[in-house]
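Presented below is the structure to which this report refers.
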Amino acid sequence: MKLLPSVVLKLLLAAVLSALVTGESLEQLRRGLAAGTSNPDPSTGSTDQLLRLGGGRDRKVRDLQEADLDLLRVTLSSKPQALATPSKEEHGKRKKKGKGLGKKRDPCLRKYKDFCIHGECKYVKELRAPSCICHPGYHGERCHGLSLPVENRLYTYDHTTILAVVAVVLSSVCLLVIVGLLMFRYHRRGGYDVENEEKVKLGMTNSH
């Protein structure tokens, strides 16, 4: 029973102390809030500035987007045919490409370019193989063989005999001409000598 009043006194003292502490802490908090409102922190000010700048940039971006949309609307309304032309061009290109695919290239221009040695290459579609048109004087699958001319013996014999006959005739004609010239000269000289002898005889008779 004697312990009860001491315990009660201690509890009362603890309550009073706690009340004092809580009151002081509340006053400090009020002072801090008052000081914050009168002198704001620079960090809070910088955050406010950043928020304002961010809001301004968002507005600029929105304005640019709206301007781009207006330009697109104007172009679509003013030039509706400009967008239709590329599709036509693409359609024409596709047609050209389709035509080019239908044509097959000649294999003689690439694959069998050097197939024919002395001739012209020609690809046969039915046989699916190349063939050669040889130049004159060549033969073979690839025009690789040289064909030598075959002489006809009868033709050569006739040719040589004709040449021999012509040579004999020409030589005989030449001989006849030479003999005729010699005979003509001899007869002419003989007549000249006779005339000289007659003149000499006449001169001698006149002198007597």
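Cβ atoms here come from the backbone N, Cα and C positions, even for glycine.
Mean model confidence of the topological domain 'Extracellular' (20-160) amounts to 67 (pLDDT, 0 to 100 scale). Residues or ranges marked as topological domain 'Extracellular' by Swiss-Prot on the basis of sequence analysis: 20-160.
Under the heading region 'Disordered', Swiss-Prot lists 34-55 (among others).
Feature annotation from Swiss-Prot assigns compositional bias 'Polar residues' to 36-49.
Here Swiss-Prot flags T75 (among others) as O-linked glycosylation site.
Annotation comment: Swiss-Prot describes 81-104 (among others) as region 'Disordered'.
The annotation O-linked glycosylation site is assigned in Swiss-Prot to T85 (among others).
Residues or ranges marked as domain 'EGF-like' in Swiss-Prot: 104-144. For the domain 'EGF-like' (104-144), residue counts in helix, strand and coil come to 3 helix, 14 strand, 24 coil, using DSSP.
What Swiss-Prot records for C108-C121 (among others) is disulfide bond, and it gives sequence analysis as the kind of evidence.
What Swiss-Prot lists as disulfide bond is C116-C132 (among others), and the listing cites sequence analysis. Long-range Cβ contacts of C132 (disulfide bond) within its own chain (separation 6+, distance under 8 Å): F115, C116, G119, E120, C121, K122, G140, E141, R142, C143.
For C143 (disulfide bond), the Cβ neighbour count at a 10 Å cut-off comes to 20, with all displayed protein chains included. Residues annotated as disulfide bond in Swiss-Prot: C134-C143 (among others).
Sequence annotations record features per position, and here Swiss-Prot assigns topological domain 'Cytoplasmic' to 185-208.
Counting residues 6+ beyond its ends, the domain 'EGF-like' (104-144) has no Cβ neighbours under 8 Å in the same chain.
The Cβ of C121 (disulfide bond) has 20 neighbouring Cβ atoms from other residues within 10 Å, across all protein chains displayed. If you count neighbouring Cβ atoms within 10 Å for each of the disulfide-bonded residues C108, C116, C134, the highest count belongs to C116.
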